[in-house]
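Annotated features in TrEMBL:
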- R8, R25, K36, D45, E49, S80, Q84: substrate binding site (BINDING)
- 92-267: domain 'Prephenate dehydratase' (DOMAIN)
- 277-354: domain 'ACT' (DOMAIN)
- T260: site 'Essential for prephenate dehydratase activity' (SITE)
Amino acid sequence: MNQLDKAREKINAIDVQMRELFEQRMKAVEEVAEYKLKNNMKIFDPDREAEVIEKNSIKMQNEKLKPYYREYIQAVMDISKSYQESIVNCDTYGYQGVLGAFSHIATQRLFPHGKMKNYAAFEGAVKGVLNHEIAKAVLPFENSYTGEVGEILDLLFKYDVVIQSIYDLKINQNLLGLKGATLCDIKQVYSKDQAINQCQDFLKNFDYELIPYANTALAAKFVSESQDKSKAAIASIETAELYGLEVLAENINTSKDNTTRFVVVGNELPEDGNHLSIVFTVHHESGQLAKIMQIVAKYGFNMENIKSRSLKDASWQYYFYMEIEGHYRDEKMQSMLEECRNSSSNFKVIGVYNH
Ligand SMILES: C=C(O[C@@H]1C=C(C(=O)O)C=C[C@H]1O)C(=O)O
């Protein structure tokens, strides 16, 4: 046995002990997390961390190793915090937007007993999933009327989060006013421009001034706070309840099947589902995309959807998104995915879900 082998043998034995100790430490960390959860305490305790580092590094025999040890124990504590986040936030769900927005409504319907956390931007919600601030994020993926929400796909391509399920929310717009107001009292109508467009047939019958607002929920909040009976908002029924408004006219959108598809995004791919989504790039050469499609066809899978989106860091180059019908764990599916992976770049399975 040469010197390298001998040293590695020692490392192997130490790693066994460290692994066992790591498990024991994390078990104790679990108890800390449960205590903090019950007592509404913050996970990060800087004084305690400073104490842990100080108390241990002072006893180090090898002076040279002290800075490395500090780095090491800090990393251990960072891992411990991330684990505690996952315990404390296991029933917290994130969405983008304000209370009463359709994303909020979808999250509430999906997780009626969960805690909610809202983010100003989609990217914030995705990062919240990655760092275990929230268990999952509910993000709008596509609207039957206005089309795809491309930004979400870009985030799924960029970050290592995955679609775990999908949820279709019927979007019903309503005219909301102050209690006691009637359709004849209304002079101005506030809402998001798309919502106003969706209700043109109804609005044609009136001479209302139509005023675009940042989003439907904020428009409702504004009308409620204005205390002005001549103002109304176009928004959901849930928003009326939230801001104490009355429904003056119900379900006023022209298209009666206006639906938004939401994706529930988390950190791990589910065990199985009857659909999956992949993303990839191919070389800028003739037939490269066709090759991937032929692989899917050769294995007999049904490709339900294909989209291309521009790559943010390479002008006029694109990545592709594909939805395929089939079970992720099937052997045939695994072989097909392996072949696709070998014939493309940046290949990722970004979702496994039921449809
Ligand atoms: C485990 C705790 O939570 C965090 C993690 C620490 C650790 O892993 O040692 C120390 C302090 C906290 O920032 C704790 O408060 O004791």
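Sequential numbering from 1, following the chain as shown.
Note that Cβ sites are derived from N, Cα and C of the backbone, with glycine treated the same way.
Caution: TrEMBL annotation is automatic and unverified by curators.
Not measured: the values here are computed from a predicted model.
Sequence features, as recorded in TrEMBL, placed on the structure.
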residue	record	contacts (Cβ under 8 Å, 6+ apart)
R8	substrate binding site	none
R25	substrate binding site	V76, S80
K36	substrate binding site	K42, I43, Q84, V88
D45	substrate binding site	none
E49	substrate binding site	Q74, M77
T260	site 'Essential for prephenate dehydratase activity'	F102, A106, P140, E142, N143, S144, D168, L169, I171
With the Cβ under 6 Å from ligand 1 as the test, give me the qualifying entries from the recorded positions R8, R25, K36, T260.
-> none
Looking only at the domain 'ACT' (277-354), what are its DSSP counts of helix, strand and coil residues?
-> 23 helix, 31 strand, 24 coil
What does DSSP assign R8 (substrate binding site), in three states?
-> helix
